[in-house]
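K.L.:
Straight out of TrEMBL:
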DOMAIN    69-228  domain 'Glycosyltransferase RgtA/B/C/D-like'
TRANSMEM  14-34  transmembrane segment
TRANSMEM  167-193  transmembrane segment
TRANSMEM  213-231  transmembrane segment
TRANSMEM  265-285  transmembrane segment
TRANSMEM  297-315  transmembrane segment
TRANSMEM  321-343  transmembrane segment
TRANSMEM  350-366  transmembrane segment
Amino acid sequence: MNKTGLPMNNPAKMATWAIALLIIVASVIVRVRLLGVPIERDEGEYAYMAQLLLKGIPPYTSAYTMKLPGVALIYTGVMAIFGQSAAAIHIGLALTNIANVTLVYLLGRRFLTVESAFTAAAFYALLSLSQTVLGIFAHATHFVVLFSLLGISLLSQPLKKYHAAIVFLGGICLGMAVLMKQHAAIMIIFALAFQLWPQNSGNKKLFTRDCSVFLAGAVIPYAVVAFWLYHAGVFTNFWFWTVKYAGAYAASLSLAAGLNEFARQFGAIAWSNLPIWLLAVVGIVKLCRKGLASEKQFLIGYAAASLLMVSQGLYFRPHYFILLLPPIAILGGYAAQALSRLLPTGPGKLLLPLAMVMAIGCFYYFESDYLFRLTPQEVSRKIYGTNPFPEAPVIADFLKRQTTGEDRIAILGSEPEILFYADRISATGHIYMYGLMENNRYSGLMQSQLISDIEATKPAYIVVVNNSASWLLREGSLNKVLDWGDSYIPLRYDEVGIVEIFSDKPARYLWGETPAGFVPTAESFVAIFRKRL
């Protein structure tokens, strides 16, 4: 080692550092290249809620969601610093990802050599960039990873002098992770069982003390938010959407349907980064056979807890798997380190850089177009098909030019990103149609509420989204709001725009009154209606 700490006299270690650094820097460059990718509907929800917060409007008033407001608060901070744009949001994500890569390295150092921990960090940079987990979109899972890693890393510190403060801060961080997404409650249980209990060597008195301090910290973020929303007068809405409705939503999918979805999503995710996933499996096997008790408990427990986070509700959305990536990356680094020690000295030294080269090759083979060739708009179309995300800024620009800040807009469809781009407030808090189309005891009430909101508000414009992914109609869905729209809109509104969306060619925009008898040829289209004077 030289004075900088770099292994200048060891070519294999130098190669490991160089390749890992190359992967991390390249992942940042790709994220910068794709900063302008159009936001999708989850990002649109958070951005719209953040925009409302910047106007002094609390959550759960003009935007209903079953998600806790943590990510919206993060977006609020990002937008206050970098501006209200897709690029600003993705700058915030890029910075978060850099922090997550760093935290994977720091947590990995508890079990791994410097080179192996750096390899694990590089693995995470690759895994979290993949299009198979929607890695360039600022989903809540990235922020769950951030606060989970912070909390777990703090609780892993063997400091005695500031032990209580560290445990308390660890609890706050994991409580913040829950604010990002309710799934993270699993990590609180993991911390109690696999960190605090082992650290106290089974001493019930010390464990009880640490539990009290830790849980006090973990409760604080939720308690502060609940107190804030109570005083803002929206606690009833907050409780309904994040507890009552969220509970009904989580219990709505069957085990068979969930397992089918897992198989469908996991195959694509693992295939594009197969060397890393195979190494993670090897790491688990090695831990089970010969790993130290502390390593085995923590790493396998961490992987199991992360898998449980992904599995809650059995929906297995692609971005949910981001929650599993930190332990997979660390297990991959652990396996590469263990295998390198089993091999003869010469080949063994090359295993870490070779593992990263294989990971790069596999990733590039499957995702090179996404990484380097496609434009941000083309990336959106490739990943999300004919969802109207690339068209949303154009539609929103039209609405913004035709309205004032006092005008309201109604969107019949799940496209809150249009509200964000247009910087206009929705005529109803129902910014998603999914809850209205689900087979639960609340859907009829929600549809009636949406209808009442629009009839009372009389929005200046109504946007109707004809896209299956924007509604997710299913067998048994109530058609009340659809039937109402078919009769209400033609009597009071004129069609002044239509956007046809194609998978294989640019969208077609028609502004002004459409010709009599005009029928869109695209299966996916957006119609814009103006209130009749």
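Residue numbers in this text run from 1 along the chain shown.
Just so you know, glycine gets a Cβ as well, placed from its N, Cα and C.
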K.L.:
Is the transmembrane segment (265-285) in contact with the transmembrane segment (350-366), using three or more Cβ pairs under 8 angstroms as the rule and ignoring pairs under 6 apart in sequence?
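P.N.:
The answer is yes, given that the two segments have at least 3 Cβ pairs within the 8 Å cut-off.
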K.L.:
Using a Cβ-Cβ cut-off of under 8 Å, list the residues of the same chain that are 6+ residues beyond the ends of the transmembrane segment (265-285) and lie near it.
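P.N.:
Distant contacts of the transmembrane segment (265-285): 123, 126-127, 130-133, 299-300, 303, 316-318, 321, 327-329, 331-336, 338-339, 355, 358-359, 362-363, 366-367.
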K.L.:
Which whole-number mean pLDDT does the model give the domain 'Glycosyltransferase RgtA/B/C/D-like' (69-228)?
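P.N.:
Mean model confidence (pLDDT) across the domain 'Glycosyltransferase RgtA/B/C/D-like' (69-228) is 93.
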